[in-house]
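> According to TrEMBL, the protein carries these features:
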- 45-69: transmembrane segment (TRANSMEM)
- 81-99: transmembrane segment (TRANSMEM)
- 119-138: transmembrane segment (TRANSMEM)
- 267-292: transmembrane segment (TRANSMEM)
- 312-331: transmembrane segment (TRANSMEM)
- 369-390: transmembrane segment (TRANSMEM)
- 410-427: transmembrane segment (TRANSMEM)
- 502-532: transmembrane segment (TRANSMEM)
- 544-563: transmembrane segment (TRANSMEM)
- 584-604: transmembrane segment (TRANSMEM)
Amino acid sequence: MGLLKGLLGARNLLLVICVPLLLLPLPVLHPSSEAACAYVLIVTAVYWVSEAVPLGAAALVPAFLYPFFGVLRSSEVAAEYFKNTTLLLVGVICVAAAVEKWNLHKRIALRMVMMAGAKPGMLLLCFMCCTTLLSMWLSNTSTTAMVMPIVEAVLQELVSAEDEQLVAGNSSAEEAEPISLDVNNSQPSLELIFVNEDTSTADFTSLMQNKNVNGVPTITNPVKTANPQGKKQHQSQEKPLVLIPGPRNQELNRKYKSQHDQMICKCLSLSISYAATIGGLTTIIGTSTSLIFLEHFNNQYPAAEVVNFGTWFLFSFPISLIMLVVSWFWMHWLFLGCNFRETCSLSKKKKTKREEVSEKRIQEEYEKLGAISYPEMVTGFFFILMTVLWFTREPGFVPGWDSFFEKKGYRTDATVSVFLGFLLFLIPAKKPCFGKKSDGQNREPSLGTEPIITWKDFQKTMPWEIVILVGGGYALASGSKTSGLSTWIGHQMLSLSGLPPWAVTLLACILVSIVTEFVSNPATITIFLPILCSLSETLHINPLYTLIPVTMCISFAVMLPVGNPPNAIVFSYGHCQIKDMVKAGLGVNVIGLVIVMVAINTWGVSLFHLDTYPAWAKVSNITDQA
């Protein structure tokens with residue numbers, strides 16, 4: 001037994017060592033570039049799928065194995081690890097860091113919830129809308145980590161408030177006490193965990209397990225931010241924190257006043273994860289999978305200038321909007337029933353006592369933020385300006401601002417994001433006085449020269465693991481193209497030529513939707529992109545007809561807690577069980593798959609000219625064969 005336990009404890013190390021040794025006969029017995037490239041691809045894929053080593057570390061495997069086997073020169077591999085998309089991500093993270101540092105995202109979320117009221121149906125719709133909106137620009141993990149504490153506080157108010165229709169009058173004061181968002185709250189059943197944006201699902205799960213020491217929850221890594229202009233309301237701003245019930249088995253002891261309360265808690269919790277996924281689909285910067293797709297597509301087809309921020313948004317926004325509405329109906333029907341008139345009424349006369357208390361709680365949380373500060377206004381302005389410049393660079397139907405320059409094609413979306421991100425390091429966080437004498441009581445020497453964001457703020461938010469992971473995917477794709485492996489794979493798929501294009505795309509979407517439930521999204525798309533490009537070229541299908549739906553369907557990992565970090569965050573609150581996630585997530589997955597397939601065969605055809613095999617794909621195919 002001791003030996004078996006030792007082997008199980010060292011299984012990751014054994015996997016890292018044994019996999020390359022077992023696959024070594026492939027390049028040795030077949031000494032060709034294709035076999036060597038296949039060896040590197042399989043080893044890297046196994047490391048990614050098993051997560052025996054961190055995803056970023058596994059992405060470095062091509063950096064030393066390609067030169068070792070003579071597939072690519074070391075300088076050629078190194079060039080693949082830093083691309084235009086990396087600069088785009090850097091600029092976006094600068095703006096995201098400012099948004100989170102000055103709590104602009106929390107202000108937006110609370111304001112939207114105040115507009116909806118405390119009716120369960122409207123509350124569900126409002127939380128889904130604000131989560132979707134935030135997830136368009138922030139990472140899904142960060143958005144979920146920020147919104148869930150607000151949802152949890154509202155749920156506790158809904159469950160704990162005395163309602164003459166549902167609650168007996170002898171409920172104890174301790175049971176009715178709401179969960180506070182204050183870090184200093186000494187409630188023993190809660191722990192506050194700082195969640196990094198690039199934390200993988202496995203890392204998040206291990207983090208939660210390690211933070212319970214002898215059943216005593218702890219508070220870890222509260223990250224304080226600057227206090228602008230000496231205002232009291234900003235003295236305790238923090239990075240996104242996750243309120244998590246201490247032991248997971250506390251779910252068994254959780255007491256709900258009624259079955260209806262339990263259903264509301266399940267519905268609102270799960271909807272946050274689904275809404276974050278829907279929001280990430282809307283913009284090309286919303287998820288790492290879309291960024292990986294964009295850079296791989298531009299690298300594989302450099303002559304194709306059809307996918308940018310504007311065209312992606314025009315295609316994906318209707319998808320997200322329809323998914324949001326249909327998913328809201330699905331979640332409402334599954335957990336709250338079909339009584340939409342009662343759960344969605346905006347009439348003040350029909351409000352119960354618990355709903356009034358909940359609205360008061362939300363109002364108090366919003367008032368704690370105080371008046372909008374100067375850094376929030378600057379960040380909001382840059383946020384809107386960046387979006388406008390992205391849309392107007394190359395709108396397609398009219399000349400954009402890029403046409404004003406003599407040399408065309410030199411500026412991309414990354415140019416805009418990096419420039420605006422750079423300015424955030426220069427603009428001071430303290431409002432300039434312009435000759436006016438500042439009040440000595442409100443003077444903050446520490447903020448006199450401090451910019452909107454510092455390099456430390458950027459470092460905390462920047463997902464470097466994703467940058468290396470994306471670079472590893474580019475390196476694998478470049479090696480597959482140079483060695484001829486991608487062409488060989490494409491020829492093996494000629495048996496699919498008898499199927500119509502929509503069937504090929506549907507099969508690919510179903511396949512990745514299943515795989516991504518168990519494998520991380522970036523790893524899944526990095527593995528499948530080169531294969532699907534070769535398949536499309538071999539079958540003479542517009543590559544976008546396959547790549548865009550697959551990229552979107554990879555994000556639909558919503559049925560299991562291990563699917564992605566937002567799922568793990570929601571699951572950790574203890575309101576829902578795995579069977580609830582599977583049941584609700586399966587419906588959302590099917591909804592997304594159907595809507596994406598309808599979109600790619602309707603407005604996607606006219607937007608991306610999918611009914612023809614483009615010249616830029618023919619040029620790439622000729623280059624590969626040469």
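Backbone N, Cα and C atoms are what each Cβ position is placed from, and that goes for glycine too.
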> Thinking of Cβ pairs under 8 Å, which stretch from 81-99, 119-138, 369-390, 502-532, 584-604 has the most of them with the transmembrane segment (544-563)?
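Comparing 81-99, 119-138, 369-390, 502-532, 584-604 against the transmembrane segment (544-563), the winner is 502-532.
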> Six or more residues beyond either end and a Cβ under 8 Å away: which residues meet both conditions relative to the transmembrane segment (410-427)?
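Non-local partners: 84-85, 87-88, 90-95, 98, 284, 308-309, 378-379, 382, 385-386, 389-390, 393, 402, 451-455.
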> Could you tell me whether the transmembrane segment (502-532) and the transmembrane segment (267-292) are in contact, taking contact to mean 3+ Cβ pairs under 8 Å with a sequence separation of 6 or more?
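When sequence-distant Cβ pairs are counted, the transmembrane segment (502-532) touches the transmembrane segment (267-292), since at least 3 lie under 8 Å.
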> Verify whether three or more Cβ pairs under 8 angstroms connect the transmembrane segment (119-138) with the transmembrane segment (502-532), leaving out any pair fewer than 6 apart in sequence.
no
> If I count Cβ-Cβ pairs under 8 A between the transmembrane segment (81-99) and each of 45-69, 119-138, 312-331, which range comes out on top?
119-138
